[in-house]
Amino acid sequence: MGPAMLRAFSSWKWLLLLMVLTCLEASSYVNESSSPTGQQTPDARFAASSSDPDERISVFELDYDYVQIPYEVTLWILLASLAKIGFHLYHRLPHLMPESCLLIIVGALVGSIIFGTHHKSPPVMDSSIYFLYLLPPIVLESGYFMPTRPFFENIGSILWWAGLGALINAFGIGLSLYFICQIKAFGLGDINLLQNLLFGSLISAVDPVAVLAVFEEARVNEQLYMMIFGEALLNDGISVVLYNILIAFTKMHKFEDIEAVDILAGCARFVIVGCGGVFFGIIFGFISAFITRFTQNISAIEPLIVFMFSYLSYLAAETLYLSGILAITACAVTMKKYVEENVSQTSYTTIKYFMKMLSSVSETLIFIFMGVSTVGKNHEWNWAFVCFTLAFCQIWRAISVFTLFYVSNQFRTFPFSIKDQLIIFYSGVRGAGSFSLAFLLPLTLFPRKKLFVTATLVVTYFTVFFQGITIGPLVRYLDVRKTNKKESINEELHIRLMDHLKAGIEDVCGQWSHYQVRDKFKKFDHRYLRKILIRRNQPKSSIVSLYKKLEMKQAIEMAETGLLSSVASPTPYQSERIQGIKRLSPEDVESMRDILTRNMYQVRQRTLSYNKYNLKPQTSEKQAKEILIRRQNTLRESLRKGQSLPWVKPAGTKNFRYLSFPYSNPQPARRGARAAESTGNPCCWLLHFLLCRAMVEKIWGPGGQETQPRLLCRNLN
């Protein structure tokens, strides 16, 4: 009972603190609305304080207007952080529901308090806050920590699904809702085709962050995880590009008609915006990697370079009306490959946790704003539009999933099963992106904006609460194929070997696939890019670098899980010995590294095998005599045992088929017959004597002189 009561008391403390913060936020909003003046500048504040000459110095003053904006921003961030802490206090709660559900509930609670105290809709974000401050950290974190190899191995299926799937969902939902709006009984006749298509583009933006958390816990197979991850990474960018193009069409349609040329220009702009954003991101990633080559002595600014250049890529792309989301994604992927090898380990840890912190805070604020906007007067309800929107989202999601994956499975070595496709269909959770795009619709172009916001909230609430909560049990019920354990160093080395081997086989056969593309890029990378972008481009063994990377990763994981704290601390005697050991100089370390590199690069020499074709001639007299003596002893022993000479076939013997079964009697009987035949034949002894005499004369000559001993080696071989 004691620990349970302590946990309950701690939970009640957190809940009470959350309530206090919500009341503070509500009171700050009331003060903001009741104050006739806005935020004062320091000069205006000084002028106001010095306007009355008879005013005395007061001991205590209250000036909320001066700190209003940073105070409220700090309160919002603190409220979001405490909400996440409270969510993870109960260890069972994250397994039952996604984190976004609790954040929406907390936001709805805050909105209810604000609306109840002042009877006015609570404050929400505008377009500049969302697109310039909240969205970039989320996209940067997703791109930087993306598993690169699985992503590019499935890049074809990801682009096929994320790109074409977003277009099918957007136009399918938009056209279906347009036909529903033509029914006069529903009272939706004032919503035209462009407005429905625009609503379809924003409602098709999925946000399966909660689903990815469930997949990581369930350890589903890698290709299923990468399809959902790739959709989450690219779908927002595609939806935002389509959203901006359709808004431009809506503005144009207000003043003039849209022609076929405008539609072709819109399609061309869709391609240029996407490709231009990727190009900008890669360029800024290369620039940041090149600058980090020279930061070995000032490593404190390395995290600043990473964040500033990634944010600059987003702003530069948005300045030229390109896709900032795709730009910052490409920049993050490029920096992940090159910048990590230049920055120190401390800078890498700082980048990792600061990036995750910014992404978590931004996403939490968006979900809380979503809950806040639920309560207020900015809603319009229409049963037909809301219900058909929810139905069409599910229908077109199913059509796009099963159609596109049926086509892609025809070209895949490992196709997606029906279970995988069902999980992908069920993972279409709408979230912060759809709500933000709906809330940022210009009211002058969309008179039914409140209806769009209401329908978006209903779809988001249904997918987040219902699908987000039930996706875990569904994965366990369907028994989706699980992933393998983490690759060991042996598996990693064999994967690299097989990639290189497959590229060579394809080159010999005249075929082409992604193995050759990867191999050519690796050669180009090692030959040019790494020499320019990497600080110390010295030839190192890939085994050494991979071992160092795995050891570093294992040490970080042990430090994060607390395993290093369980290791016994060294005794004072050991500490003295460690301190007494002389540290290696940089020259010694460099020489050791060179020795290891050379030895690991060298191929072990194979021992030569000798035969009669490569045997070197020997001129030693002792060796020739020894060979002759041993040969004579061998022949004498064979004759003493009653055996015939190996090169003489005794008379009357049969031709045996070797490497097959004999014709007749077993081995002992055959040996007896051969012995009887050979012992009674005097020609064998005479032939043996003459042969030995001829060999001696051939080697030593008729007068006993040594001739060419190498002839003996040839004869014996």
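All residue numbers here begin at 1 and follow the chain in the order shown.
Quick reminder: no glycine exception, Cβ is built from N, Cα and C everywhere.
Keep in mind that what you see is a predicted model, and the values were worked out from it rather than measured.
Secondary structure from DSSP puts N342 (N-linked glycosylation site) in coil. There are 24 other Cβ atoms within 10 Å of the Cβ belonging to N342 (N-linked glycosylation site). Taken from Swiss-Prot, the feature N-linked glycosylation site covers N342.
Annotation comment: Swiss-Prot describes 14-28 (among others) as intramembrane segment.
Marked as intramembrane segment by Swiss-Prot on the basis of sequence analysis: 70-90 (among others).
Sequence annotations record features per position, and here Swiss-Prot assigns intramembrane segment to 421-441 (among others).
On the 0 to 100 pLDDT scale, the topological domain 'Cytoplasmic' (1-13) averages 47 in the predicted structure. Positions annotated as topological domain 'Cytoplasmic' by Swiss-Prot: 1-13 (among others).
The annotation topological domain 'Cytoplasmic' is assigned in Swiss-Prot to 29-69 (among others).
For 91-94 (among others), the entry in Swiss-Prot reads topological domain 'Cytoplasmic'.
Per Swiss-Prot, topological domain 'Extracellular' is recorded for 115-127 (among others).
Below 8 angstroms of C-beta separation, residues 222-223, 225-227, 229-230, 514, 518 of the same chain, each at least six residues beyond the ends of the topological domain 'Cytoplasmic' (149-154), sit close to that stretch. The topological domain 'Cytoplasmic' annotation in Swiss-Prot covers 149-154 (among others) and rests on sequence analysis.
The topological domain 'Extracellular' annotation in Swiss-Prot covers 176-191 (among others). Note on the topological domain 'Extracellular' (176-191): DSSP counts are 9 helix, 0 strand, 7 coil.
Residues or ranges marked as topological domain 'Cytoplasmic' in Swiss-Prot: 217-225 (among others).
Summarising the annotation, Swiss-Prot assigns topological domain 'Extracellular' to 248-269 (among others).
Residue counts for the topological domain 'Cytoplasmic' (291-304) under DSSP, split into helix (H, G, I), strand (E, B) and coil, are 10 helix, 0 strand, 4 coil. Per Swiss-Prot, topological domain 'Cytoplasmic' is recorded for 291-304 (among others), and the stated evidence type is sequence analysis.
For 326-356 (among others), the entry in Swiss-Prot reads topological domain 'Extracellular'.
Annotation source Swiss-Prot lists topological domain 'Cytoplasmic' at 378-384 (among others). Packing against the topological domain 'Cytoplasmic' (378-384) from elsewhere in the chain are residues 121, 180, 183, 186-188, 448, 450-451, 453-454, 457: each is 6 or more residues past its ends and has a CB under 8 Å from a CB in it.
Residues annotated as topological domain 'Extracellular' in Swiss-Prot: 406-420 (among others). Same-chain residues lying 6 or more positions outside the topological domain 'Extracellular' (406-420) and placing a CB less than 8 Å from one of its CB atoms are 156-157, 160-161, 221, 223-224, 227, 478-481.
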Does the transmembrane segment (451-471) come near the transmembrane segment (226-247), with 3+ Cβ pairs under 8 Å (pairs 6 or more apart)?
no
Would the transmembrane segment (385-405) and the transmembrane segment (155-175) count as touching if the test is at least 3 Cβ pairs under 8 Å, pairs 6 or more apart?
yes
Under 8 angstroms for C-beta pairs, at least 3 of them, ignoring pairs fewer than 6 apart in sequence. Is the transmembrane segment (226-247) in contact with the transmembrane segment (95-114) by that rule?
no
Can you work out which residues elsewhere in the same chain, 6+ from the ends of the transmembrane segment (128-148), have a Cβ less than 8 Å from its Cβ atoms?
226, 229, 232-233, 236-237, 310-311, 314-315, 318, 324-325, 328-333, 335-337, 352, 355-356, 358-359, 361-363, 365-366, 432, 436, 440
If you run through the topological domain 'Extracellular' (248-269) with DSSP, how many residues end up as helix, strand and coil?
18 helix, 0 strand, 4 coil
Any chance you could find the range in 155-175, 270-290, 305-325, 357-377 with the most Cβ pairs under 8 Å to the transmembrane segment (95-114)?
357-377
Selection from 155-175, 305-325, 357-377, the stretch that has most Cβ pairs under 8 A to the transmembrane segment (270-290):
305-325
Just give the helix, strand and coil counts over the topological domain 'Cytoplasmic' (149-154), going by DSSP.
5 helix, 0 strand, 1 coil
